[in-house]
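The annotation active site is assigned in TrEMBL to 49, 262. According to TrEMBL, the active site, nucleophile annotation covers 52. Under the heading site 'Linear diubiquitin binding', TrEMBL lists 237.
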């Protein structure tokens with residue numbers, strides 16, 4: 001049994017344990033952790049499978065949730081699978097976790113259930129007032145493997161929906177964010193169908209999120225994802241925002257990465273930062 005989100009540990013203690021040597025890389029990592037420690041006291045390790053970007057982002061979003069996002073409250077939110085399927089036949093090739101080969105006609109209902117679960121969990125956790133109780137509820141959710149992975153399926157489907165919206169907006173001449181061009185400029189994802197086949201269907205199985213897909217996740221959730229990229233310390237990419245021109249009213253979640261592949265989460269903002 002693996003913990004999805006490990007208990008908190010002092011950031012500098014964690015850093016000393018992980019980066020002992022005197023190589024240039026180790027020195028840079030230590031500098032990076034020192035910079036994070038100016039703002040946050042502790043770190044929680046995120047389980048390192050191909051879902052870790054989802055896990056870190058969702059854990060942070062729920063840990064600080066005080067309300068349900070607007071898009072999650074909309075009437076037709078749970079109708080997404082049916083609505084998309086009625087327009088795009090190729091979505092039938094969506095691959096469910098651990099159920100490869102199941103036909104989309106049959107799994108439309110399952111994805112609907114995952115979306116309903118996402119709304120329910122978000123609502124329940126955001127209604128908890130005490131920070132300790134809220135944290136306990138998050139810890140409990142991320143110990144329930146079945147529910148946890150169902151939520152990642154919901155996030156993947158929301159990313160597909162967002163990609164379709166951006167692609168259509170661009171085709172009809174509306175303004176789209178720059179990352180959307182980059183997303184569809186790849187040979188492997190020149191349209192949403194290819195994006196699904198070559199990328200989204202593989203997330204969690206044989207690969208994690210690439211950087212351009214971090215933008216897509218941020219747009220799907222309408223959250224700004226702020227990432228300390230430790231190996232970029234002392235460059236202007238040390239703190240990267242997805243998206244880099246966020247909407248002002250989007251909440252912010254903060255992650256840490258040493259290599260753009262695995263993500264951990266900083267917790268406990270230092271007092272002076274909060275003031």
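Cβ coordinates come from backbone N, Cα and C, glycine included.
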Recorded positions compared (49, 237) - the one with the fewest other Cβ atoms within 10 Å: 237
Fewest Cβ neighbours within 10 Å, where candidates are the active-site residues 52, 262: 262
Inter-residue C-alpha distance, residue 237 (site 'Linear diubiquitin binding') and residue 262 (active site) (nearest angstrom): 17
Integer Cα-Cα distance in angstrom, residue 49 (active site) to residue 262 (active site): 8
